Amino acid sequence: MMRLSWFNVISLTLGFAFLYLPILILVVFSFNESKLVTVWAGFSTRWYGELLQNQAFLNAAWVTLKVAVFSSTLATILGTMAAYVLVRAGRFPGRTLFSGMVYAPLVMPEVITGLSLLLFFIGIGLDRGILTIVLAHTTFSMCFVSVVVSSRLVTFDRSLEEAALDLGCSPFDAFRLVTLPNIAPAVFAGWLLAFTLSLDDLVIASFTTGPSSTTLPIKIFSAVRLGVSPEINALSTILIAIVTVGIITASLLTKRNALGRGYDKKTVRRGQ
Amino acid sequence: MMRRAVLIAVPYFWLMALFLVPFIIVFKVSLSDTALAIPPYVPTLEWRDFRTFLSQLDFENYIWLTQDDLYWKAYLSSLKIAFLSTLMTLAIGYPVAYAMACCPEKWRSTLMMLVILPFWTSFLIRVYAWMGILSNEGFLNQFLLWAGIISTPLTILNTNTAVYIGIVYTYLPFMILPIYATLDRMDASLLEAAEDLGCSRIGAFWLVTVPLSRNGIIAGCFLVFIPALGEFVIPSLLGGSRTLMIGKVLWEEFFNNRDWPVASAVAVVLLLILIIPIMLFQRNQQNQAEAGR
């Protein structure tokens, strides 16, 4: 588009250094031998070993994983439905309210969402625990899923669905056989987003959790309040590694998928 | 037809039950009295008919918010911190987004990926990473001492400066991405035309590039400003005891003082402050979606 000047190069370098240096320092110092987190005393995986001995962290990790799997799956189903309704269902009574409810949670401060859900759960007499965290996480992450999926649905050619219907498909079969395969990368990206949002959430989980179900972010937060610790550095590094591998795999998968579609188009055209 | 109704009803009622109804309950609790009980409030509202309902409305928690200056100071200081950090994020994010749009085509998707990746990495961990950098014996002070720029360590952690750094750092991708998206769509021949017509490069930037990326700038600013206003994690980990932000006040009111009615009133007022920027943001998004089609 434009020429790359020295000013551009400097702003790119500084910008990305700012984004990545803090994470890099954290990862490097998780392999530090010393208990003093800011003084390098040699390479060691000691803190990873101690982390694996820490039963409280392992329990919290298990709770977090369960919550993330259930809530992201539920959020993907509901979010895809919501996206389909917004893009395809046309007019219906209360549509404005519906689209408002889909978009508002995206920017709602977490303290408000958390407080309101807690008061709601107490109001209906639901015991707080894993179930309430799953319900809360599903609600806010389904909105992120529906934004991701609806942006894909908007660009997807509607006449393909209509052709399937004309050829005798039921609406459900048309969705299953035509629409779903086409929006699958976006649905998967939405699931992944919902999963990481749930894995990461501190504020809403703190409000909606019960005494028996502590999630990893709650555990990390209470440990971190006392200051920087090498064990938390090790735990953070593990989490960063999982997310990075997951995202890179996902982007490679969707890229191959896109390439595959391009190839199909070419062969179809050649066949004509 | 039946299927369509079910398809609409399921997400609709889910959001009604778990998003809209809880807000109504917050509003109701904000009008209740505090009590030493479980749950620690006594509802003062009961539905008989409209007139008794109106006469029962009791705004004492809201009056309390105006009487104790902790609250309005916290609102004002949150607005100030969110506003200034949005400007700083824009000042840092715009050059990065601009440089990305100037890069050769084949690098761009990798650069995009590099901007998005920190967003997927845990928010809590990214804020935590700065604690080790900004503390008195942290990496920044070690570096500055080593370079001979300062002779005694600077106190940055647990001050407002650290809060600004934390907000700018964690929300930077939200600023870069929408601006980059508008710059990427821009027609480069417009710049050539401006330069052919006698504009300097800097003049062309201000007269052509900036106005054309307006929607991206607006979207980015809202995406930073709105969540920053109610931020809790950053002020509580990086800020000090004197850092006043309303998200932190709400949290402490709820968990430490166990004053649920006042916490609810704080939430309702915060929501009222946010309604205008949220509606402006949605209108900007709609305009952009329509312009994109």
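Backbone N, Cα and C define each Cβ position, glycine as well.
Curation plays no part in TrEMBL annotations; they are all automatic predictions.
Keep in mind that what you see is a predicted model, and the values were worked out from it rather than measured.
Here's what TrEMBL has on this protein:
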DOMAIN    A:61-253  domain 'ABC transmembrane type-1'
TRANSMEM  A:7-31  transmembrane segment
TRANSMEM  A:67-89  transmembrane segment
TRANSMEM  A:101-124  transmembrane segment
TRANSMEM  A:130-154  transmembrane segment
TRANSMEM  A:174-194  transmembrane segment
TRANSMEM  A:232-253  transmembrane segment
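Counted over residue pairs separated by six or more positions, the transmembrane segment (A:7-31) shares fewer than 3 Cβ pairs under 8 angstroms with the transmembrane segment (A:130-154), which leaves the two as not touching.
Through the fold, the transmembrane segment (A:232-253) approaches residues 23, 26-27, 29-30, 32, 37, 47-48, 50-51, 57, 185, 188-189, 192, 196, 199, 216, 220, 223-224 of its own chain, all at least 6 residues removed from its boundaries and within a Cβ separation under 8 Å.
Counting residues 6+ beyond its ends, the transmembrane segment (A:67-89) has Cβ neighbours under 8 Å at 98-99, 102, 130, 133-135, 137-138, 141-150, 153-154, 158, 175, 179, 183, 187, 190-192, 194-195, 197-199, 205, 215 in the same chain. Proximity of distant same-chain residues to the transmembrane segment (A:130-154), defined by a Cβ-Cβ separation under 8 Å and at least 6 residues beyond the stretch ends, is recorded for 63, 66-68, 70-72, 74-76, 78-80, 82-84, 86-88, 102-106, 108, 113-114, 117, 121, 179, 182-183, 185-187, 189-191, 193-194, 197-198, 201, 204-205, 207-210, 213, 215.
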